[in-house]
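According to Swiss-Prot, the feature Ca(2+) 5 binding site maps to GLU548, ASP610, GLU612, GLU715, an assignment based on similarity to another entry. The Ca(2+) 6 binding site annotation in Swiss-Prot covers ASP584, ASP610, GLU611, GLU612. Here Swiss-Prot flags 524-624 as domain 'Calx-beta 2'. According to Swiss-Prot, the feature N-linked glycosylation site maps to ASN41, ASN157. According to Swiss-Prot, the feature signal peptide maps to 1-32, an assignment based on sequence analysis. Residues annotated as topological domain 'Extracellular' in Swiss-Prot: 33-71, 155-167, 223-228, 893-903, 963-970. Sequence annotations record features per position, and here Swiss-Prot assigns topological domain 'Cytoplasmic' to 93-133, 189-201, 250-797, 843-871, 925-941.
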Amino acid sequence: MLRLSLPPNVSMGFRLVALVALLFSHVDHITADTEAETGGNETTECTGSYYCKKGVILPIWEPQDPSFGDKIARATVYFVAMVYMFLGVSIIADRFMSSIEVITSQEKEITIKKPNGETTKTTVRIWNETVSNLTLMALGSSAPEILLSVIEVCGHNFTAGDLGPSTIVGSAAFNMFIIIALCVYVVPDGETRKIKHLRVFFVTAAWSIFAYTWLYIILSVSSPGVVEVWEGLLTFFFFPICVVFAWVADRRLLFYKYVYKRYRAGKQRGMIIEHEGDRPASKTEIEMDGKVVNSHVDNFLDGALVLEVDERDQDDEEARREMARILKELKQKHPEKEIEQLIELANYQVLSQQQKSRAFYRIQATRLMTGAGNILKRHAADQARKAVSMHEVNMEMAENDPVSKIFFEQGTYQCLENCGTVALTIMRRGGDLSTTVFVDFRTEDGTANAASDYEFTEGTVIFKPGETQKEIRVGIIDDDIFEEDENFLVHLSNVRVSSDVSEDGILESNHASSIACLGSPSTATITIFDDDHAGIFTFEEPVTHVSESIGIMEVKVLRTSGARGNVIIPYKTIEGTARGGGEDFEDTCGEPEFQNDEIVKTISVKVIDDEEYEKNKTFFIEIGEPRLVEMSEKKALLLNELGGFTLTGKEMYGQPIFRKVHARDHPIPSTVITISEEYDDKQPLTSKEEEERRIAEMGRPILGEHTKLEVIIQESYEFKSTVDKLIKKTNLALVVGTNSWREQFIEAITVSAGEDDDDDECGEEKLPSCFDYVMHFLTVFWKVLFAFVPPTEYWNGWACFIVSILMIGLLTAFIGDLASHFGCTIGLKDSVTAVVFVALGTSVPDTFASKVAATQDQYADASIGNVTGSNAVNVFLGIGVAWSIAAIYHAANGEQFKVSPGTLAFSVTLFTIFAFINVGVLLYRRRPEIGGELGGPRTAKLLTSSLFVLLWLLYIFFSSLEAYCHIKGF
């Protein structure tokens, strides 16, 4: 449950406000001087009226002069209805802000061509952060105030009212003083929060103060009591001008465009010297939408886009490294958890630490208040559930596939020339296993030929009901001729399905062929290894990539072109950029022995897992010269040069056996067995023996093409994939957005825990509290109603944006009527009602959002940085649009649009003076003794928040005095 912990001075301030409002609402007399000056007609304006006027939507509650008890009842009804409408506005504003978050999160892919010709692709946000904060974000947080002003003017025959403008000024005062006071106070003692984009804050603060100064000018100086068309239009056009100025400050344009600062190291240690000079030429080209948008960096907005791209790349890399670090820590901390649980924890932790927009905090605050739960925890849990459910769905789909698929178990088979036959397995998966399936097979020549290397084979395989695999055999022909490795193919074709089979296996009926088909692989490749050669030994490929998480990597040493005899093949690991000795891998060496007819041997090397997001290190595995352990007697004799033999004293077939020993690196085997009748080292070989010797030499084991394997250790594919998926899931637009109406209705009727305990790193959802249930049932009507709003998935959020702002406008019209009727029922003027009650009601969600942002965010921009910009936007849009429409309407009718300058001009002037004090204090707090706009030592916090609350109380107090004519206004 989200609790707004207010400092004592703030809570006491709210009580004083209520007391002041009630006090001035029941003043029955005015001072003699004031009454003499104003006369009887002004007395009614000073004291307020108990006679209500017809609203834009709501009619007058008759009779107009009820009893005291009826007044209390009516006031209660109006007040409760107004509060309930505020809840509705908060919930639809939640949808509205979600659409804004999705809209401003849109990205565009660009191609960057570097001077060396290398091209890279990256994405940049379409919306600049500052521009989005001053336009859509400000509109989202201030939509009720802006629309109230427009609706009030348009709904009352284009005449000026007190409710809309006073709400804008009152809301600005509440934001500037109370929200900032709360943000200063809630930061833990000793911690500080600074504004990151200080230039933007200066610009928006200046425009905020100028906006209210401009209001005073057009009300009391330029044309007192009359708003002309040019004044209204200029007020509105100040809005885009303000946005452009803020964007310029954010992008460091203008002066920065022409002056390039360079930095060099001074002679003194630690000294950095700055000097100005020409910007170096750059030929980095950026291609967007197929067009080169700049050929030189200095010709494109001071390289703003290049800087943004570079910053984005750095941010992405930093995010990946941070995600990898978090996953590694969580795996060490929770070794018992499954990967889905670890992903959920990491997702929640990263989302909690990520810098968030004003829109997100507004949405989070609203959902916590209304029992919709912690959006981050819900998102993390939903993602974990989706991952598990998708896995189950895929498994179920595989098991319940309505189509029978026929395919080979594997696509490649190997056999020796002397194996006799090779067995191939055909599989049946999916479909109705109660039927009989037929499939034809047929061999086809490759480099191996039928009749000389293998037996041509064709036929039909029958899968009877319940059978899921069958085996076919193809005969292999052996010869004594040395040959290269050869291969041939076996194809599957013509799948048929039948329900009945005769006793002799003949198909009785053939139907429903659409429920069976060939799967993959439907062709098998059989490789025949020659067995008349000792073998050629090689790795499969010269380079292999392995994941650092593989643990024990296995490398195959292949024996091709023969497999006769026992052969020893030595190997060893060699360091490259990867280090042995257990740092990146463990040093390994050995001498595996290939047995007769054995064609594959596996070498195992242990790889050390560092769990790095990016890794690219290499080492090598090298095989040495193969050594023949045993050969046929005749070939052994022919392989060795005659001479230097040692008589063993043994005989074979009546002939003596000799042995000759060579060094380890000699190409001839170390030990051979020879047979000779009459040994003569000078005896020449016959031509037949020479031919046999040549053939035997060809059959000697040799090394093949790939004797040195380069092993590239890369980051874990699974680990990197998990990190990348989490990076995508940590897009806040995905967190706050919705994909379907079904999702919205489920969310609307679901109660979730509103606990805002972000220290709980588990990120797991908790059970809802009693407060969560109460708030849910109070707001379930609004939740279900606004679930009909289009999801943010449609039109990239614009459909939700349009419908939401229409709903906010409708509710705002009700709020304006209820507030006006509430005020006239108890005798409060519209200006006082707007400044106190309406401004407070529209600012409550922003108050909670700022409080959460102040405690969670690293900087103060999200909590108070947008307050000044929002205040300026309120004037330029809320008053600028409304007064422009009214001024144009009256000018078209030959009339003047009259606005009483008294109360509004006084409030504006008072607010402007206090705003100067507020901004000055905030800037002073950046001094080293405090360290930032928010937080700091406890004494400084209390003094600052007390001062700001006092400024707000004084603003309410003096505005009320002026409204009831106790002090003279303008």
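Each residue, glycine too, has its Cβ placed from N, Cα and C.
Over all protein chains present, the Cβ of GLU548 (Ca(2+) 5 binding site) has 23 other Cβ atoms lying within 10 Å. Take the CB of ASP610 (Ca(2+) 5 binding site) and look out to 10 A: across all protein chains shown you find 15 other CB atoms.
With helix defined as DSSP H, G or I and strand as E or B, the topological domain 'Extracellular' (155-167) counts 6 helix, 0 strand, 7 coil. Residues of the topological domain 'Extracellular' (223-228) grouped by DSSP class, helix first, strand second and coil last, total 0 helix, 2 strand, 4 coil.
Broken down with DSSP, the topological domain 'Cytoplasmic' (925-941) shows 4 helix, 2 strand, 11 coil.
Within 10 Å of the C-beta of GLU715 (Ca(2+) 5 binding site) there are 22 other C-beta atoms, taking all protein chains into account. Taken together, the residues in the topological domain 'Extracellular' (155-167) have a mean pLDDT of 81 on the 0 to 100 scale.
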